[in-house]
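Asks: Before I ask anything, here is the structure I am working with.
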Amino acid sequence: MATAAAGALGLLWGWLWSERFWLPQNVSWADLEGPGDGYGYPRARHILSVFPLAAGVFSVRLLFERFIAKPCALHVGIQDSGPYQAQPNAILEKVFISVTKYPDEKRLEGLSKQLDWDVRKIQCWFRHRRNQDKPPTLTKFCESMWRFTFYLCIFCYGVRFLWSSPWFWDTRQCWHSYPYQPLTNGLYYYYIMELAFYWSLMFSQFTDIKRKDFLIMFVHHLATIGLITFSYINNMVRVGTLVMCLHDASDFLLEAAKLANYAKYQRLCDTLFVIFSAIFVVTRLGIYPFWILNTTLFESWEMIGPYPSWWLFNGLLLILQVLHIIWSYLIARIAFKALIRGKVSKDDRSDVESSSEEEDMTSSTKGPCGRSSSNGAGRVNGHMGGSYWLKSKVVGMGTSA
């Protein structure tokens, strides 16, 4: 029995790492065991170093949010307090928990007669009760500031690294001598740091603010990790760095817009979002298909020819382009509304907070019904993304959305 299980495991392992799938013709894993001019080639075992690094990134995030982001939030006037607490009422609480959080007109009238309350007062109670489950603005500000800081830093590093890389200026260099392309220290750090960050998002997603698009973001992060890992193992890292940097170009602007919104700088929020929208559309609908897909589909076909993992890699990149079109349409709608109405009224992207626009109240609201202040007029809600982000990031290999 043990021998049979070991044999089956061996067959599965051999199929998983089949050279016919991963590598071009006449290339074997043994050919990539050499030093590669002193740097070596990407190996699957390198990915194992990501997990302790991801735990370290998560730890740094906790310290950053507590000692840097939180003081910044307090400095711009975001209060460290929860939402207004709804008046205790057993009947309404039972309806809220067991029946519905959004009672219709008929149910409101019935509750009004039962409690001898005005319908507006009951509506106000449900609105306040829903807001009790929402995270305070301070928490959202800290999360966005961490993402803004990372996206900005990794984008600057990516630009600095690629500026001195020959494939940034001539994409045909992505396939020159492929797959015998040495792995430099700078390229390794770029890839591993991006991968560690998205693994940290996978960990933290279960403790972060819960949004409607939780499952979508989970799948997005998983797909991003898969794409980065896939391109690393078969040494498509040169074109991979172009994809990551391209997607990182707009992510930090989205997080900056969210920060401005939480701080109630509405004009700055709207301006940043419109800039983000323009860069997103230019990079995802212009540069990506005519620069990235051109080299992965046509230049690589000419220089190295197709093989199984080549088809899969390009198929995933084409699916990503379809998502770019959808996300660009949604973002364009928001930007258009912002220009027409004078503010970003609602984020139609997938990374939308779990509350409706009607409930967008400040976390420090303490006033009675009808006099509570809103949490910064209109909100730009996050990746990506998503994002799914639109997390940002929705971002394929970059992460956002």
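Cβ coordinates are placed from backbone N, Cα and C, and glycine is handled just like the others.
Heads up, TrEMBL stuff is auto-annotated, nobody curated it.
According to TrEMBL:
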| type | residues | note |
| --- | --- | --- |
| DNA_BIND | 94-137 | DNA-binding region |
| DOMAIN | 92-136 | domain 'Homeobox' |
| DOMAIN | 139-340 | domain 'TLC' |
| TRANSMEM | 148-168 | transmembrane segment |
| TRANSMEM | 188-207 | transmembrane segment |
| TRANSMEM | 214-233 | transmembrane segment |
| TRANSMEM | 272-291 | transmembrane segment |
| TRANSMEM | 311-336 | transmembrane segment |
Asks: For the transmembrane segment (272-291), find every same-chain residue at least 6 residues outside the stretch whose CB is under 8 Å from a CB in it, and list them.
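Replies: Residues 171, 242-243, 246-247, 249-250, 253-254, 256-257, 260, 321, 324-325, 327-328, 331-332, 334-335, 338-339, 344, 380.
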Asks: When the pLDDT values for the DNA-binding region (94-137) are averaged, what is the result?
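Replies: Per the prediction, mean pLDDT sits at 87 for the DNA-binding region (94-137).
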Asks: When secondary structure is assigned with DSSP, how many helix, strand and coil residues does the domain 'Homeobox' (92-136) contain?
Replies: 33 helix, 0 strand, 12 coil
